[in-house]
Amino acid sequence: MGKLIKLITTLTVLVSLLQYCCEFNSGSISCERTQTLCHYTNPRVWNTYFSRNCELYKNKVSPGFDIVARKYDTAVKPVIDDATVKVNKVAIQPAFKVIHSQCKKWNCGKYYQLGRSPMVKTRRFFFAKYNAFVKPNLDKFFTAEFRSHLKERILKYKNIGHYYFTITSRCIKSKYDFTVGNTEEKLMGKFKNKDTHGIHGSVTREPSSEDMVLTVSTMESDEEELTTTSTQTVVETITLDQEEASAVANHAHDDEASTDVEGSTDVNVNEQALLQEDFDMWSETILQKTQDVIQLFEKDVSKYINGKLVEEANHFKAKFQSLDDKSKKFFSKISLAINDIECVEGIDSETGKKIFFDKSGSTEISQYITRELVREYFNETRSTLDELTNAMEKDLSEITDEIEKKVNAIREENVEVFEEWGDIIVNEWSKRMAYVDVINAHMGADDDTTLDEEKAKSSVNWKKFLKGKKQIIESRDKLAHHSADLSRVNAFRQKVQKKILSFTQESGEFLYILRSKANLQFQERERKERERKEREKAAAEEFQRQQELLLQQEEEDEEDVSYTSTSTITTTTTMTL
């Protein structure tokens, strides 16, 4: 909330200053964009617009706005105008006169020469550190898409800043011209009015911003396209040699002119000295850059491996859970079949077919459990679990290969970044050395001894340059063959393999136990069946023996009946006789 209040306050102050400048320079503003900006930031314009289009605003807000505007025109604005005139008369005009008079006398040549050398050295130091530490991270995180969006935003805010800068600069320039006249013509007039055979001028035009088209809405919501304008900077360069500088120096002190001429030679000497000093820093920069790229490579690999292993750990956790659930289903199926080995046989009263019940005789089972059926269950369980564990091992191998490929891709990416950095560094150094050689060739000393020394320095510098280039190539090879830390990947793979092996052993042992239990159950059932068959056989034999005894007894009974009948007949016959 505090930031929002600050933003609103800042915008209010800027708009107020803009409106004051627009009112103060209402007759001297020629830029159509500035006129448009003044028009659409004027509160009176928006008050008129809202009053015309909104009844609520017209009845509630507009009367109060009119009262405030009248009070501002009668009470505030006259005070501000009087204060502005007084400040302009008392402070601004005398200050500009003093500054203008001092600018005529002040020659910045000596200060420029004194300050340029350390500034150049500092700039190159920061440039080297930027390329070594900052640029790789920027190249990594600032993608092409992000850069395009950033460029659009920068261009947008650049245009807005350009508007305010143009308005401010024109206000300042109008005040300055009003106070002391056109100082540029006063300062440069004496140079341009002289004979120009000793001065060679060149004018270049460099665009400072792209052409822009601004479309605004008028009060009647009509669209008006303003003329495309282009802001350009005109740079005027005056090149002086030693003889020509003496002609110009008649308007300044002789010692200052000689200082300027000698300063050009000092610049070249400083360039050679800086070049020799920077070669030592270059080697250190290459080593530091190599270490930084290696650290970035290891950091990227570590970050990728951490994320990948966490993801795959969750996947394998789900796979092991699925494997455990399926194994439990198979084991439960086999255990149920083993329990049903000792079943009870019955006869269906309706169909007359055999049906089977569990050993309690209360629950009917789907089928009779045989050795072949249980053996089929065991084979199905073993083959299914083997397929699942083999698939997990295959997935583990594919994940390992994927990680190795990604690590190689990260290595190649970092190597390409280093190669790009090395190419840029080598090109910049070669351009710099070539520039120094060209300067020395055209502005070298007439003394042969000094010329030989410069040539020797150039030769030494080129040898150092070649050494640095070879160092970059060696560092590139070192990066290309730098091994990544895959210990966590190996540990993860060993952990998964160990868990798979443990599951295989446990499932094998459990299946062995179930197989032994099934064999015991089948042996017990077969023993009982043999005993039952023996009992049935003995019962059958006993029944047959009983039948045979009954038949024999019946035969004996029949013989007894026949003997009794014969005796009776004989006795009867005898008595008759």
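Cβ coordinates are placed from backbone N, Cα and C, and glycine is handled just like the others.
Which of 189-226, 227-264, 379-416 counts as coiled coil depends on Swiss-Prot, and there it is 379-416. Taken residue by residue, the compositional bias 'Basic and acidic residues' (525-545) breaks down under DSSP into 21 helix, 0 strand, 0 coil. If you average pLDDT over the coiled coil (379-416) in this model, you get 91.
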